[in-house]
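Here's what TrEMBL has on this protein:
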- B:171, B:204, B:233, B:269, B:289, B:290, B:291, B:330, B:331, B:332, B:333, B:369, B:396: substrate binding site (BINDING)
- B:373, B:437: Zn(2+) binding site (BINDING)
- B:517, B:520, B:525: [4Fe-4S] cluster binding site (BINDING)
- B:10-75: domain 'ThiC-associated' (DOMAIN)
- B:1-28: region 'Disordered' (REGION)
């Protein structure tokens, strides 16, 4: 059972290379290398796409080779997994966890606090081109997380935090309408691989259909990026879809099973409390988070406190044994412009701050989820409030969508908000596809959503002035000025579309080195005239000298005629 | 020669209606009216689409009926236009201008300063749902422009200014490769009509091919929105494409011809001066504005001052006779992230401030063009510098693109920047299509660009808190919460796509009133659960009371377990 050819192989003009982490020849991290013309050095880009842009074919039933080979030697409690019944499945493997009662540093947070630089940190630091000790200190302070369940050896470790490249997440998963055989499992993995190929840094499996558990085995064994879930969905499925039948014991069983499968982060809506529910009464769109709505229903029906809130320490204790990162869900995120930044949203956020302290105290990594639907003028306040209530733990937001009037284009309404909130400090952006609010995203929608979010993340990183980020833009700009069309295609986030669009007007190979483009033609080309200007100026007396002269005059213009 | 059916007729679920301006039964202005279910009142939206969403078929050879019937009675100098030779063409008409030497208030700016509320102001104010005298005062102060050449009777008057709805512009025009017969003329008009149908508030005809002048007649006679041009392009075409053959006399002839055709605003790159050219020497992308590059070449070749700068008062005098608005071009706008906010850009902007004063002094309306390629952190400064140098005249920006790495998606890279800069004060946004940098936009690209910019403009208006804007979002949000799917489609900026996306998963009519959607299915629907929550709470004791109680307790949560 092979991954389809269109979902594997290097991007056009790019090669996947591996470089050893500094001082660690045994740890090799991936980069996307683009060879350039015009005498320019190749450019290396951060590469989250894993084997899905590699040369090797991928056998889904086999799963990916382990990137974290070092897990073997950590001396963890281990047992052999049972092969699931009735469905073709990647090979059984070892299930690991922290030994019972062992208090040696184990989670990335505990290790970082103890001054230990883990192999995962070395790997992630090499990808970001930063020092591993600096990265460790960011984790120790809670400002960054490194989601890496010990049961996910296929993971290529990465870090999420406001001082690192902004990350993006894509959601996928089956629904009640999906099939249950190996073919439909392969379809889901294919969707995931497609999102990762185009640049998704993490994925969330939001399956709510049949056979959630075996599907997740397929996903985990083929995921080179951190995988997140909302365990409440599986719990609800087990409770026959009735929120009132949910209880802590069944929920815990779901957590354990998913932990053993290797899920790297759990979205837990533990901050939504009974007292918050009345605050949503006057909202235009009520509660739009599924997890939030389920918990609100549960709390209200029995007029009782959320079992997630009451058992939060138990949840932390469990996550700590596998090093699962907690992503504290915003069950009361606004689902409409009218509901943005309201009392319900911020009351829950305040509770998330309380839970953050508990999780940190227990050695668990934490990030905070955020909205949603927010007009531009209220975006910055979401970050400030998160900082005020929860400190500078990583913020992980969905968009936000900056208007409600454009269904069919919500990748754009939300890319605007996503770019802005990431600039203000969000560490990871959950994507939105064009189908949001309307239907199930297909392969094209997934790609549109991922690229829109790669744009938002990159625009934010540029605005934040992260080192090295602008080199990519500058390489593109130089290629543009020099009419190196192939370089422009290859440097693009989507080389295939860039080339196809150029081919649409000027398909011939000779036109790929033409010193003009189809928009203006040779006569009107500003770039060409601009080059003429430069040549002319050089001939006359040297523009640089002229420029210096101008500056020396205090920047005064010639006297007006 | 009819406009194609797909480019006319009301948008799905919408009707074009006309309402009399308050106190002026003779002036009827258009709105898009959407009937809603669930007992809601119909919603009225600003409607810039003219006859292209009306019921009547449109005969291109005939042109549109005049919206400004009052022009007849203004006592202007008039003569009959000659029918052009050799090409089928809309009927000849009267050419008007201000009588020679007449110093009575004539331009919208002069009238506004004299306290006169023109019919155009009445019309534009009724569309914006503001008072005509307030609008007049904005024009008098130079903070708004109302581009309306007296030779453009087909125009439905509108206003551009930071206190009004943010406007968007779409570019089109033929190139050297286009044909010359009536069919290819009709193609160009069709492109323009398509952009206007989807929400472009103004259009710019950037033709550089053959038969520029007769094509423009076709365009003007069929344009219900202000039309802008860059007269330098036609001048260059007449100069055989050689910038060095340009001169003031020939340029003036182009201005007069276009003025008589009815062009409403001219982009004039008069702020690019000889002294600025050396400032571009160290740029990554040189000069990317075509007008800027042409003028730089002209200045540098003879080491002489720009004839546009030197003849700026002559240009103003000419524009004043037809009431053509000056759009002062940014010939040195940055064409790369690396070049944003540099000395060249701001030196030219400072000169534009100087020219603004001259134009205002001569009674001409003025707006200022802006970039271009700008990272998010440098966007606000573009508005501040414009304000500092040029005062609060309307700013008219191209995007800006917030990164260079995503050719093929520059409608998105730039919608991010456009939304932000409009929030900061840009009055009109020039759109960018997905084909930017790569090829000629087709019909689909034009629509993608227009919708992306409608989103950016609306998001900005929301963030600015303009009265009435959020009513559209709220109507959508209520329709969402109540599962009124038809209302959601009809309220969308693109009702066709919204419906098509929903049909993709749930095509049946019965599913258009289903209380769930395909993303989550009935069991997981948060909106449905949220409604259950609301019902349950009402049953228990009234959530509003609960909410008040919570507030009375100072918003304190229950004591933690």
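Each Cβ is built from the backbone N, Cα and C atoms, and glycine gets one as well.
Just so you know, TrEMBL annotations are computer predictions that nobody has curated.
Feature map: annotations from TrEMBL on the structure.
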| residue | record | Cβ neighbours (10 Å) |
| --- | --- | --- |
| B:171 | substrate binding site | 23 |
| B:233 | substrate binding site | 23 |
| B:289 | substrate binding site | 27 |
| B:291 | substrate binding site | 25 |
| B:331 | substrate binding site | 34 |
| B:333 | substrate binding site | 27 |
| B:373 | Zn(2+) binding site | 29 |
| B:396 | substrate binding site | 27 |
| B:437 | Zn(2+) binding site | 22 |
| B:525 | [4Fe-4S] cluster binding site | 20 |
Alpha-carbon spacing, residue B:171 (substrate binding site) to residue B:373 (Zn(2+) binding site), which is rounded to whole Å: 18
Counts by DSSP class (helix H/G/I, strand E/B, coil) across the domain 'ThiC-associated' (B:10-75): 10 helix, 24 strand, 32 coil
Cβ-based proximity (under 8 Å) of the binding-site residues B:171, B:233, B:331, B:437 to chain A, or none: B:233, B:437
Cα-Cα distance linking residue B:331 (substrate binding site) and residue B:437 (Zn(2+) binding site), given in Å to the nearest integer: 18
Cα-Cα distance maximum in Å, computed over every pair in B:171, B:204, B:233, B:269, B:289, B:290, B:291, B:330, B:331, B:332, B:333, B:369, B:396 that the record assigns to substrate: 20
Where residue B:331 (substrate binding site) sits in the secondary structure, as DSSP reduces it to three classes: coil
From binding-site residues B:233, B:291, B:331, B:333, B:396, the one whose Cα lies nearest residue B:525 ([4Fe-4S] cluster binding site): B:396
Predicted model, mean pLDDT over the domain 'ThiC-associated' (B:10-75): 94
Where residue B:373 (Zn(2+) binding site) sits in the secondary structure, as DSSP reduces it to three classes: strand
